[in-house]
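Written out below as structure tokens is the structure these notes cover.
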Amino acid sequence: MKMKQTGLKACAKGSYGALTAKEARTLRRLIDQHYRVNMILDNLPVTVYDLLDEKNEYVRPGFELGYKKDGKYYINNHLVFNVLIYMTHGEYTAARAQYAKSMAMDAIDAHRLFRRRLKAAAARLNRAEQAALAAKRRAAQEEDYLGEYYQEEEATYAEMEAAQADSYDERGYDGDYDREYDPQYEEELQMEYDMEYEYEYESEAAAAAAAAAASAAAADQNPPFYMVVGFEVSPCSIARGSGVDVDDIICGVDGNSHIAPQEIYEGADIVYTYDVYWQESKIKWASRWDAYLRMPGGKVHWFSIVNSVLVVLVMATIVGMILLRTVRRDLAKYHALMSDAEAAAGRADSREEAGWKLVAGDVFRSPPNSSMLAVQVGTGFQILSSSLVVILLATLGFLSPAARGALLTAGLIIFVLLAGFAGFVSVYLWGLMERSYANWQGVAARVAVFYPGINMLIFTVLNMVIHHTGTTGAVPLGMYFTLGLAWFLVATPLTFLGGMLAIRVPLLDWPVKTNQIPRHVPPPPLSANPMLLFLAAGVLPFGTMFIELYFAMTSLWLGYFYYLFGFVLLIGALTCVINAEISVLCTYVQLCAEDYAWWWRSFHRGASVSLYLALYALGFLVSTMSSLHGFIPLFIYVTYMSIIVIAFYYAMGALGFAASLWFVRSIFRAVKAD
């Protein structure tokens, strides 16, 4: 390690070979689109920024493929890598010594195991000898041979039995001595006995050698060990001839400004070379990602949060005024009117209600296509809950950027596991609107296939288009089928399980009765125009997340790192609160206009923030992503942003609907109208 290497060729044959006309056009197109090359070393991305310079507000991974100058295109075919390393202070050597010690202990444990097996084999051999002596004794008795030989054998047997009993007492063995003698069995036991004794000596020697090696490894701490804590690159373009020795040229030095760059044209034979340098750094292993995760505009984030908090307070004040002054004042007048029997008898027409109280008999009437509304609300809560869990895990540091793809993988897994929550909400809400759980299986089935089906359809079309281009960005077929199996074998059963749990929950009672004949809805005034309320409902929630949305978009499409999930959690919470308050206010304005069809409109008004998100995505494409050319890049951008916009639509719509449902039930629960 720490060996400087210069003038190394990347291609085995020395050069890439002559460029074809198609390859030259492709390289020019990629340079026009500011295509970047990404590499990793020890899971750290390469960057052209100085990681040791603390003045850098952000670090962008990768480097430009080439550049354009005076109408000509040049490729960066020479890379100078600078690897930042940090010398350990015993971390690795201690780990190595501990590993060697554990290996030696494993050898000792194996030795002890074989000694136990050896004792067991010796016990089996002794049992065989005793069985042989017993067989001789029985044979002597059968032949009535009670002479001197029998007496000698009897004495010998008694001595051996006494000695063996002492031996078994020492070993704690209590076995059967009446086994019949088998010469072949005795021979096998003797061979096993000899082999295990021989292995005992070898294992003892091996254990001693392993212990000595462990001690030597623990004591030998002279060779230094280094850890990679940074990966920098300086790309440049140098015209080199194929088959010619590579000169030692340092990029960026003024004295080498006379070097001709490598131009891209048909027939150009490009030689790719690289240098490797090692630089000791003070960056520790635990802090090596800090330089990559720098984010610009820290004060901007806090200003955005303070602005959002002020908006939340203003909207909370407005909603509070509605609830505390307007609604309570109307209810007080209405209750006084109902309790005053004399006034009621004298002026019968004065009991006529006004405003939102006029729709008390129709406000809880089941909306048209209630099953689809329930499906969309359940889908929205599934998206909200899974997003909350993922952001919490990322904020707490469980989803580290060192684990590539961990955020997306965790999001997919949590979304699939929360399918049961979507089924529960959808089935219960549908039963609440229809006042019955009959045929709830159809609602659960629609939840299982609705939003996942939309995403799978978009994903399939996008993957087919990417695969058609021949790039490696297409999702492999195995992964594609894995997603499909997770959908059908995990998410779908969980959805039905959630529906089964929902039908066991008793339905809430509406505070007022619903009339049999629907009330006529008068034309709304300008202030209660449905389209005006829809457009106005999404302005403040979008303004709350506008600043953070910019950083998220630059991270998603421009390759910058983004790891300020704490800000995302705060801004997301404030956006949800503002969206709920706006939905409540718009629903109140609609009810005051004697329009009781608030179910679907409250959902659409809550989801109106997705309209501004879509407009922002188009503006970001025109202003920031103007380098995108061709159908495929534009199609990829539009497709992914469509998935994000649809997710926002259902999530915010479900939140606005839930807030409106709570508000309507709360105000009419206070009305004592029969």
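Note that the numbers count up from 1, one per residue, in the order the chain is shown.
Here the Cβ of each residue, glycine as well, is placed from N, Cα and C on the backbone.
Taken from TrEMBL, the feature coiled coil applies to 111-145.
Under the heading transmembrane segment, TrEMBL lists 302-324 (among others).
Sequence-distant contacts of the transmembrane segment (373-399) (same chain, at least 6 residues past either end, Cβ-Cβ under 8 Å): 367, 406-407, 410-411, 414-415, 418-419, 421-427, 429-430, 433, 443, 446-447, 450-451, 563, 565-566, 568-569, 572, 576, 599-600, 603, 647, 650-655, 657-658. Sequence annotations record features per position, and here TrEMBL assigns transmembrane segment to 373-399 (among others).
Within the chain, the transmembrane segment (405-431) has long-range Cβ neighbours (under 8 A, six or more residues past its boundaries) at 370-371, 373-375, 377-379, 381-383, 385-387, 389-390, 393-394, 399, 437, 440, 443-444, 446-448, 483, 486-487, 490-492, 494-499, 501-503, 505, 507. Summarising the annotation, TrEMBL assigns transmembrane segment to 405-431 (among others).
Long-range contacts of the transmembrane segment (443-466) within its own chain (CB-CB distance under 8 A, at least 6 residues past either end) are made by residues 371-372, 374-376, 378-379, 382-383, 419, 422-423, 426-427, 430, 473-475, 480, 483-484, 487, 491-492, 495-496, 498-499, 632, 635-636, 639-640, 642-643, 646, 650. Annotation comment: TrEMBL describes 443-466 (among others) as transmembrane segment.
Feature annotation from TrEMBL assigns transmembrane segment to 478-503 (among others).
The transmembrane segment annotation in TrEMBL covers 532-554 (among others).
For the transmembrane segment (560-588), same-chain residues at least 6 beyond its ends with a Cβ under 8 Å from one of its own Cβ atoms are 58-61, 292-295, 301, 304-305, 308-309, 311-312, 315-316, 318-319, 322, 356, 384, 387-388, 391-392, 394-395, 401, 533, 536-537, 540-541, 544-545, 547-548, 551-552, 554, 598, 601-602, 605-606, 609, 652, 655-660, 663-664. The transmembrane segment feature in TrEMBL is assigned to 560-588 (among others).
Annotated transmembrane segment per TrEMBL: 609-628 (among others), in sequence order.
Taken from TrEMBL, the feature transmembrane segment applies to 634-664 (among others).
Same-chain neighbours of the transmembrane segment (609-628): 32-34, 535, 537-539, 541-542, 546, 549, 553-554, 557-558, 575, 579, 634, 637, 641, 644-646, 648-649, 652, counting only residues six or more beyond its ends whose CB sits under 8 Å from a CB of the stretch.
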